[in-house]
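Residues annotated as NAD(+) binding site in Swiss-Prot, with sequence analysis given as evidence: 31, 32, 33, 34, 35, 80, 81, 110, 133, 167, 283, 307. Residues annotated as active site, N6-AMP-lysine intermediate in Swiss-Prot, with sequence analysis given as evidence: 112. Per Swiss-Prot, the feature Zn(2+) binding site maps to 401, 404, 419, 424. Marked as domain 'BRCT' by Swiss-Prot: 587-671.
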């Protein structure tokens with residue numbers, strides 16, 4: 001019988017885990033432990049729905065489908081900021097401040113996050129409502145979608161009733177992954193992380209918002225004075241004590257020279273941030289002085305946003321090449337004269353699809369403007385038409401696949417052209433490269449160049465052929481000596497023991513990513529069970545939507561897939577889930593239960609992944625950084641700063657041999 005006290009305890013534990021991971025960026029547990037606690041919580045909620053509150057961590061995963069977004073009136077208007085584009089604008093702003101309140105001033109300088117301004121309401125410390133800025137007076141209610149952002153606490157550390165303002169955003173890495181998925185699926189790409197964040201928060205299906213990995217920084221309260229603080233900087237510190245995520249890169253500046261230094265610093269460093277910023281915000285720090293300055297109808301007189309100039313670089317578009325992805329999507333790529341953009345040299349940029357090329361009237365031979373979307377992905381902004389000479393050539397997508405000559409099609413609701421020939425050599429080659437990649441079967445020594453050689457020499461035609469390669473055939477490859485071939489064959493052999501989720505992800509089933517593959521493997525345990533699953537069963541699993549379920553059913557209905565799986569079985573490839581199931585182990589077996597272990601340096605007998613998997617299978621958590629919460633540091637050769645920090649904190653340091661003694665005998669390691 002479920003215990004309500006245990007239920008409340010689980011909520012507090014999961015809230016703390018989320019705070020550690022998403023707010024202060026100091027994870028204290030591994031995903032497996034978090035997932036285990038969440039599953040326990042979900043089982044209790046299923047048995048006792050009357051206990052569930054809006055603050056439950058289970059509400060973060062989405063699932064609610066909204067009918068629309070109702071209007072919300074802000075108690076205090078969400079004003080926009082006036083802009084400064086140069087130092088003269090900042091000097092004028094500073095002069096107006098000094099003329100009004102005198103020279104005893106300071107400015108809190110903060111990074112201007114390029115996202116979507118939102119408002120969060122807490123009542124007695126509990127998250128009540130979230131809204132967009134809208135026109136500043138009336139916004140849209142996006143309470144459910146904001147709840148899916150893990151860095152937004154559902155309960156504050158104190159029972160305040162406050163309205164907090166902040167910027168929701170999509171980290172660069174999440175943006176890149178999202179666009180890669182959308183491109184593979186033939187969907188329109190988001191132009192930048194800001195648009196992606198805004199689009200995600202306006203999804204009627206909250207599961208979609210939850211899948212987008214959004215984040216937030218909070219930067220103000222509707223009225224800081226209600227919190228008993230006298231300065232904006234003290235107010236930000238107070239927000240942190242409440243468990244809210246505030247950007248750490250803020251600085252209190254006493255004069256304009258310090259402000260300029262801060263701007264110069266972040267103009268240089270912004271490309272290295274994990275999120276987009278488009279400027280610096282200055283705020284008069286003293287709250288009483290803010291009140292003296294007042295506001296205009298649109299913006300406060302005590303704050304201003306300095307906007308970074310956009311880095312747009314001209315270069316020549318030499319050609320447009322076509323690439324065929326593993327799912328058949330045809331992607332046009334701009335071949336450019338190499339040019340430096342946002343810190344790196346760019347020679348190629350995706351043009352995404354034919355519609356975009358037509359819309360922007362991009363021609364071969366044009367001088368084009370280049371920037372990096374999210375400071376990561378090279379993007380052609382536009383052609384500089386006034387520099388055309390008449391020699392430029394319009395581009396037209398072909399009607400047939402550039403690799404296999406099959407007719408290209410545009411599927412319903414897709415903007416991309418796609419080759420649907422399952423025997424297309426380009427798709428097979430890309431599928432092979434994906435199959436051996438690190439997140440899939442992780443076969444060391446079998447990189448893209450080796451795959452291309454094997455494929456072009458007709459030594460492999462599908463993924464099963466990899467497991468029947470002989471030493472003699474591999475020695476025929478360029479730059480493959482005796483030692484390289486021996487190591488490669490050992491790596492191929494070792495990959496046969498991978499757990500089911502690795503194989504599933506490697507097979508490249510459309511719409512099935514690494515996370516979904518893990519969910520499928522854990523649920524079905526064997527490939528045979530998964531093969532016969534129907535759509536209803538599949539959609540009952542977390543992370544599996546209707547589109548993905550349809551794709552899985554279609555995939556396993558293919559006779560060629562059945563033949564491929566039989567060949568993989570014949571090769572000895574494991575088709576069962578072999579990951580840790582902590583709930584089935586005794587306390588005596590879980591020798592690392594509750595302990596955090598850090599691995600550093602080069603291990604001789606174990607690979608890093610093997611050591612991590614073994615520690616986790618015995619209840620331990622493997623962390624990437626050393627802190628006071630670390631229980632053991634395992635140091636191999638060439639250990640660096642982590643070892644030094646462990647010594648400084650007096651944390652026990654083990655050798656690899658010490659670790660092996662604590663582990664079960666795996667493949668003769670203890671001999």
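Cβ atoms here come from the backbone N, Cα and C positions, even for glycine.
Keep in mind that what you see is a predicted model, and the values were worked out from it rather than measured.
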(request) List, in sequence order, the residues of the same chain other than 401, 404, 419, 424 whose Cβ lies within 8 Å of the centroid of the Cβ atoms of the recorded Zn(2+) site. (result) 324, 328, 400, 402, 403, 405, 406, 408, 421, 425, 426, 427
(request) Indicate whether residue 401 (Zn(2+) binding site) is helix, strand or coil by DSSP. (result) coil
(message) Under a three-state reading of DSSP, tell me whether residue 419 (Zn(2+) binding site) is helix, strand or coil.
(response) strand
(message) Going by Cα-Cα distance, which of the recorded positions (112, 401, 419, 424) sits nearest to residue 35 (NAD(+) binding site)?
(response) 112
(request) Taking the Cβ of residue 401 (Zn(2+) binding site) as the centre, count every other Cβ atom within 10 Å, in any protein chain shown. (result) 23
(request) Using all protein chains in view, find how many other C-beta atoms are within 10 Å of the C-beta of residue 35 (NAD(+) binding site). (result) 15
(request) Using C-alpha atoms only, work out the spacing between residue 424 (Zn(2+) binding site) and the residue listed as 'active site, N6-AMP-lysine intermediate' and round it to an integer in Å. (result) 47
(request) Sorry to bug you, but what's the C-alpha spacing from residue 112 (active site, N6-AMP-lysine intermediate) to residue 283 (NAD(+) binding site), rounded to the closest Å? (result) 12
(message) I'd like the number of other C-beta atoms within 10 A of the C-beta of residue 112 (active site, N6-AMP-lysine intermediate), please.
(response) 21
